[in-house]
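Here's the structure, in structure tokens; my notes come after.
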Amino acid sequence: MECLMAVILAAGEGKRMKSKKAKVVHEIQGIPLVEWVYRSVKNAGIDEVVLVVGHKAEEVKEKMGDKVLYAFQEKQLGTGHALMQAQEYLKDKDGYVVVLYGDTPLITSKTISDTINYHREQANSATIITAVLNNPDGYGRIVRSGDGSVRKIVEHKDASLEERNIKEINSGIYCFNIRDLTEALKELDNNNSQGEYYLTDTIEILINKGKKVGAIKVEDSSEILGINDRVQLAEAGRIIRSRILKRHMKNGVTIIDPDSTYIDEDVEIGIDTVVYPSTIIEGKTKIGEDCIIGPGSRLVNAQISDRVEVKNSVVLESSIDNDTKVGPFAYVRPGSVIGKNVKIGDFVEIKKSVIGDKTKISHLTYVGDAEVGKNVNLGCGVVVVNYDGKKKNKTIIGDNAFVGCNVNLISPVEVKDNAYVAAGSTITEEVPEYSLAIARSRQTIKEDWVIKKGMLRQEKE
């Protein structure tokens, strides 16, 4: 049975990244570089994926989990040596293997699929993914024979003047016949100035054996961009962001200013939703239809239903149901569940709380560790005092309750259904249903106090 595999090389140190982390776990739009490569491989229909790890191997394994097979390169002795560490998975197999790098996040599943199909159709022993660059300086050139097959790969420093004029370059990504590759790896040596085993030498070995080596040009040369430093990381991020935004726009989402909008790969957005400038949508956020998001909002792993507005606000790991309005300048913290037709207004903070349908929390309010019922009104300046210095306590506010301005609810406490709390109160005990709670001192008037105390304020001439 024909086998289809991929080997992703991800063992390098990545010194130019100047980072404490492994290069391939640096993220673009919420996904590690190596995960981008893995997803493209899987979407191309390849089920068996081997990841060659080395530098900070445990960190890479933690990110990738058990969805890949692992090979370990103890010493970084070149790309060919890295591939040699995966030989146990190639042994005695017939079929094809795609070899690519964990720091090439822009490679697409279409390019991988096209390469495999071309490799089969041409009956190649190896197929190289190539690109045409206006400025190919520093890259290995593809020298073709008259029939279009690859005659050799010549490195820039070794190329003649005529060869340096060739603009087709080697991407370093290949499709091999597995049996031909395993035989070529047996002949690979490190007889060079660096003392390393080069993957490109396998191509020379196959050509010298009379095997057919072909090349397929990638349509977009940015796909082969390798990430070696933070500048290239930012450039790849710009390209991936553009792809993501275009996909959403083609699927019926309006994005007012793509240049200032950041949306992670796993975000889902329904049709006719409008995303305003300076908005960041991260993680596995899911947004329904006909929503207004932004300007200046940040959503992380949020679940947003239909016709919701989130303006100039932050929503973290929480859900918001249909027809609710949030903001401006609201903060919905993790673990919150906001119902339908709710208003969360300016400078309101909700933390790990449930807010019932049709409830209004319009401004300057903190609600933490609380259950707030349906059709409740919390006035300006209400504070749920949930922390006693040792632990967080729960507050329950029943349906149709009314809590006036500048009220402190000292948790644990309960305001029953249909109860009222007068403005300025500090509530420490249960407020029964249909009752009014007043917890403030009576107002005292001292007549002529200002004159008697000499406190009269007069404008200076």
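Note: Cβ is positioned from N, Cα and C throughout, glycine not excepted.
Taken from Swiss-Prot, the feature active site, proton acceptor covers His363, and the record attributes it to sequence analysis. Annotation source Swiss-Prot lists UDP-N-acetyl-alpha-D-glucosamine binding site at 9-12, Lys23, Gln73, 78-79, 101-103, Gly140, Glu155, Asn170, Asn228, Arg333, Lys351, Tyr366, Asn377. Among the features that Swiss-Prot reports, Mg(2+) binding site is placed at Asp103, Asn228, with the record citing sequence analysis. Positions annotated as acetyl-CoA binding site by Swiss-Prot, on the basis of sequence analysis: Asn386, Tyr387, Ala423, Arg440. Taken from Swiss-Prot, the feature region 'Pyrophosphorylase' covers 1-230, and the record attributes it to sequence analysis. The region 'Linker' annotation in Swiss-Prot covers 231-251. Per Swiss-Prot, the feature region 'N-acetyltransferase' maps to 252-461.
Features per Swiss-Prot, on structure.
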residue	record	contacts (Cβ under 8 Å, 6+ apart)
Leu9	UDP-N-acetyl-alpha-D-glucosamine binding site	Val52, Thr79, Ala82, Leu83, Val99, Leu100, Tyr101, Gly102
Gly12	UDP-N-acetyl-alpha-D-glucosamine binding site	Lys23, Gly54, His55, Gln76, Asp103
Gly78	UDP-N-acetyl-alpha-D-glucosamine binding site	Asn190, Gln194, Glu196, Tyr197, Tyr198, Leu199
Glu155	UDP-N-acetyl-alpha-D-glucosamine binding site	Gly140
Arg333	UDP-N-acetyl-alpha-D-glucosamine binding site	Leu316, Ser318, Glu349, Ile350, Lys351, Lys352
Asn386	acetyl-CoA binding site	Gly368, Asp369, Ala370, Lys392, Asn393, Lys394, Thr395, Ser411
Tyr387	acetyl-CoA binding site	Gly368, Asn393, Ser411
Ala423	acetyl-CoA binding site	Gly379, Gly404, Cys405, Asn406, Val407
Arg440	acetyl-CoA binding site	Ala422, Gly424, Ser425, Thr426
* Asked: Roughly how many angstrom lie between the C-alpha atoms of Asn228 (Mg(2+) binding site) and His363 (active site, proton acceptor)?
  -> 48
* Asked: At the level of the C-alpha atoms, what whole-angstrom distance separates Asn377 (UDP-N-acetyl-alpha-D-glucosamine binding site) and His363 (active site, proton acceptor)?
  -> 11
* To do: Give the maximum pairwise CA distance in Å, whole number, for the residues Asn386, Tyr387, Ala423, Arg440 listed as binding acetyl-CoA.
  => 22
* Asked: Can you tell me the mean pLDDT for the region 'Pyrophosphorylase' (1-230)?
  -> 94
